[in-house]
Amino acid sequence: MPKRTDIHKIMVIGSGPIIIGQAAEFDYSGTQACLALKELDYEVVLVNSNPATIMTDKEIADQVYLEPITLEFVSQILRKEHPDAILPTLGGQQGLNMAMELSKSGILDELHIELLGTKLSAIDQAEDREQFKALMEELGEPVPASGIARTVDEALAFAKQAGYPVIVRPAFTMGGTGGGIAETPQQLHDITENGLALSPVTQVLIEQSIAGYKEIEFEVMRDAADNAMVVCNMENFDPVGIHTGDSIVYAPVQTLADREVQLLRDAALKIIRALKIEGGCNVQLALDPNSFNYYIIEVNPRVSRSSALASKATGYPIAKMAAKIAVGLHLDEIKNPVTGTTYAEFEPALDYVVCKIPRWPFDKFTHADRRLGTQMKATGEVMAIGRNIEEATLKAVRSLEIGVHHVEEPALRSVDDDVLSDKLIHAQDDRLFYLTEAIRRGYPIDELAELTKINVFFLDKLLHIIEIEQALRTHTDDIETLTVAKRNGFADQTVADYWHETIDQVRDFRLAHKLAPVYKMVDTCAGEFASETPYYYGTYEFENESIVTKRPSVLVLGSGPIRIGQGVEFDYATVHSVKAIQKAGYEAIIMNSNPETVSTDFSVSDKLYFEPLTIEDVLNVIELEKPVGVIVQFGGQTAINLAKPLADHGIKILGTSVADVNRAEDRDEFDKVIKALAIPQPAGDTASDEATALAIADKLGYPVLVRPSYVLGGRAMEIVKKRTDLDYYMHNAVKVSHDHPVLVDSYLVGKECEVDAICDGQTVLIPGIMEHIERAGVHSGDSMAVYPPQSLSAAVQAQIVDYTEKLAIALNCVGMMNIQFVIHDDQVYVIEVNPRASRTVPFLSKVTNIPMAQVATRAILDQSLAEQGYQTGLVTPGPLVHVKAPVFSFSKLNRVDSLLGPEMKSTGEVMGSDVTMAKALYKAFEAAKLHVPSHGNVLLTVRDEDKPETVALAKRFHALGYQLLATRGTATALTTHGLPVTTVDKIDSGERDLLHRMEAGEIQVVINTVSDEEQAENDGTLIRNTSIMHGIPLFTALDTVAAILQVRESQSFVTQAL
């Protein structure tokens, strides 16, 4: 059936900000879908609140609304645009839940708007735990014994009858939010209470635990004619009980017999047909390792994280196909864009193994609970392709960028056997390293399989890796052993460690023996049909399938896995850089390892190498492609860290030179630059040992800001207020610095702002100055930013522009740079300069309408700003006010303190734009799900130095009609100023204490700042964690409180007696 002609305008709902469980994969799927619909001549209206996405670029849809994805705003857009239909299946859980809300509100019926792809009944049947169970029973598909609970008591009653352990799964949530495995009634009470609070329909499923079964996933597609097919099947290395987003995953399945595959395949196809889904769907199944018994775990009636992985693993663009099916096309009518000859109904075949490993944020959150379970904790993931399991696994491990290049963590050698066993039984993010350590110690793999429930087949592959390690130790400089190691994914660096040589010596030895990788094509059909895809992976075999063209090429290094401090913003810049390279007439080559992103969509660049971003892997690609140069500015710290090693190998780095990057990042070098320009910066010095650091701090006076050099996202950065704290910090932070010293600066309290600038070597373009709402001391990535600045004087702005221009020229900057300033006593100080694209590039590109990464790339390719048609200096801002707000994922991470400071903690961002600051702020808060009700109780518990400021804020809350509650010290300060306050008891003081009131829903807003006293700190942590668990808006910076008050005041009217 050809495409539908009765609909013309389609709304696509995006997935909003990046949070744990909902990351960049939806930017990739949403972008694909919008472009597919435009290709079919539909008018596309997009709604998304996340500015850091390619999806929200003007050319992706006909109308792009960067607005909050809430009933209020989406309804307003529907009334304005009157689309014929909505496609909600590409915006993750956010898109689905929004579709449900719109439907229940009645607006879809009122405006005669239909839902495409997945009918509401199917969303309900898949997401509502009760309906899902009923449907499976009707189909005769087995589900674990379970009960639905709407209260904690109902949950406890089921578990008492069924026996522990049980799994808790909240309805209509994503990434396992609010779920968990309970082994005791107390655990069940806590998990269920949290799960009910986080489920939009206050419903959880309590099911008998089948932890230990094999977890298998099928990505399936179906069209309106009931044609259904499997795109990809995948097997989790970790058994059921660990969320699939936190599991190592292999595609295709590795340990199933053909009969088992067919059994599960039939079940998956039967389910998509029963749900009548038109598009893509993900089915998760549990298979008993010792029989043919299986259970259906869950069904996602939409494009998911696994769909992005399946798309990249097979080369089959699921989201693009799903969008076309949603508008009526059938699988046998859609061409497969990879082969160009076959149709979409052909099931992809793989002649390689794909391995996905999650990337967790525990390097940032050292106190977090690292145990893995049914609630997802990873922020991102990497994927690697190899000809065998060993190769794919080792390539994935070195793609993670966690400071290791092999499945070996030297620190584990000293762990005793009891601890080792415990870490094997209770899985953490680093279980793979504990497994290999156990195998090195001679633990039999059968025993390990029994302990971990990981299939012995996978453990045998790890054993094989360890046997190769032993061969390398005993056969140094042996080409045969090296060949075996390389074919199984070993890095040159690993071989160098076993041979006690340098990485360059191993590389030279390898190349002298003509041992180099070839590149194979990902073609969806295992070589059965001719294919044109420019999508490759490296392996040590014989035939090279990547043909080098005569055209001059430029290699762009991507940013690797998404983690805190390095998010999708850098992928955004990478994709724009590629567009500019292509427009300039070069062949654009991307190298990246992240399956979730737009940059690893093979249709974006002229060639895509899906490889780890290490010096060895990058040099191998350069050796083959011989590009005119490499661009490292857009790949975050990942790419910047490769600049010097590449330059040392004689590779041309395009844009700002490595020496100039070093002048900006090395403290002593930068001091020389800034002194020569007479630009003020906070007093400070560098220390490479503890004694020096303490001496510097004594000289400067406390508080001081301490940080290692060369980091991104403020890793290990802290404001230290006294000598004992600095002593403690130096023992913990110096480890981070790898031959780089620690910087100790005087900490200036003041307003912070930042600038992104583009320089062509001669002239400087400054698209905008962003003012931070939170004062200095809160990491720029966690601050709300406003453009254009609302409270900076013209003189201060002129000074910022002057310093930016001088620094860009002095540092010979070519391309992007980002500078952070603090304004202290009306004087502008430079805090830091980063000679690369920063995380604010997408936001500033959107609000100024300047495609900054493209302009910078053209400058890097020798086109001056004047030739590009840009005036220099500060660009005049438009009429609107734009606010960028951070979004956090604290509800997914136990034991992570939500207190904001110089170390970055947010996972994503949203944006609000309007004619006034108050309106823009309101939209940003709504988009970030920080909804402050218009009345209720505000709890204030603040440190002594914040009390004067808190009194002023409390007066404003009181004037708006809020009731004030405060802990003893804060209450005294407020009553002294004549404010009516209810004093609440601190924690552990019985029924009416603070936490009980929060749990009972008596508190609507929590304002908490922290003193240095440890006990207060512990109380504060409990208060903050409880407010996150119960979804109470929490503010730990008074500037944010002032911003929210500005919003509330703008929406209220004065009521006064005569």
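Heads up, residue numbers simply count up from 1 along the chain you see.
Each residue, glycine too, has its Cβ placed from N, Cα and C.
Per Swiss-Prot, domain 'ATP-grasp 1' is recorded for 133-327.
Positions annotated as Mg(2+) 1 binding site by Swiss-Prot: Q284, E298. In this structure, E298 (Mg(2+) 1 binding site) is part of a beta strand by DSSP. Cβ neighbours within 10 Å of E298 (Mg(2+) 1 binding site), excluding its own Cβ and spanning all shown chains: 17.
The annotation Mn(2+) 1 binding site is assigned in Swiss-Prot to Q284, E298.
The feature region 'Carbamoyl phosphate synthetic domain' is assigned by Swiss-Prot to 547-929, with sequence analysis given as support.
According to Swiss-Prot, the feature domain 'ATP-grasp 2' maps to 671-861.
The Cβ of E832 (Mn(2+) 3 binding site) has 19 other Cβ atoms within 10 Å, all protein chains considered. If you look up Swiss-Prot, you'll see R707, S746, L748, E752, G777, V778, H779, S780, Q820, E832 marked as ATP 2 binding site.
Secondary structure at Q820 (ATP 2 binding site), as computed by DSSP, is strand. Its Cβ taken as reference, Q820 (ATP 2 binding site) is surrounded by 19 other Cβ atoms within 10 Å in the chains shown. Per Swiss-Prot, Mn(2+) 3 binding site is recorded for Q820, E832, and the stated evidence type is sequence analysis.
Sequence annotations record features per position, and here Swiss-Prot assigns Mn(2+) 4 binding site to E832, N834. According to its DSSP assignment, E832 (Mn(2+) 3 binding site) is in a strand.
According to Swiss-Prot, the domain 'MGS-like' annotation covers 930-1058. Confidence in the domain 'MGS-like' (930-1058), given as mean pLDDT, stands at 86.
Over all protein chains present, the Cβ of N834 (Mn(2+) 4 binding site) has 20 other Cβ atoms lying within 10 Å. N834 (Mn(2+) 4 binding site) sits 44 Å from Q284 (Mg(2+) 1 binding site), counting Cα to Cα. Comparing H779 (ATP 2 binding site) with Q284 (Mg(2+) 1 binding site), their Cα atoms are 39 Å apart once rounded. Looking at E832 (Mn(2+) 3 binding site) and R707 (ATP 2 binding site), their Cα atoms lie 12 Å from each other. Geometry remark: Q284 (Mg(2+) 1 binding site) versus G777 (ATP 2 binding site), CA distance 44 Å. In this structure the alpha carbons, written CA, of G777 (ATP 2 binding site) and E298 (Mg(2+) 1 binding site) are 44 Å apart. Around H779 (ATP 2 binding site), a 10 Å sphere centred on its CB holds 21 further CB atoms from the protein chains shown.
Other Cβ atoms within 10 Å of the Cβ of Q284 (Mg(2+) 1 binding site), summed over all protein chains shown, number 21. Look at the domain 'MGS-like' (930-1058): DSSP puts its residues at 60 helix, 18 strand, 51 coil. Counted within 10 Å of its Cβ, the other Cβ atoms near R707 (ATP 2 binding site) come to 22, all protein chains included. Spread of the ATP 2 binding residues is 18 Å (greatest Cα-Cα distance among R707, S746, L748, E752, G777, V778, H779, S780, Q820, E832). Close to L748 (ATP 2 binding site) in the fold, though at least 6 residues off in sequence, lie P682, A776, V822, H824, Y829, each with a CB less than 8 Å from its CB.
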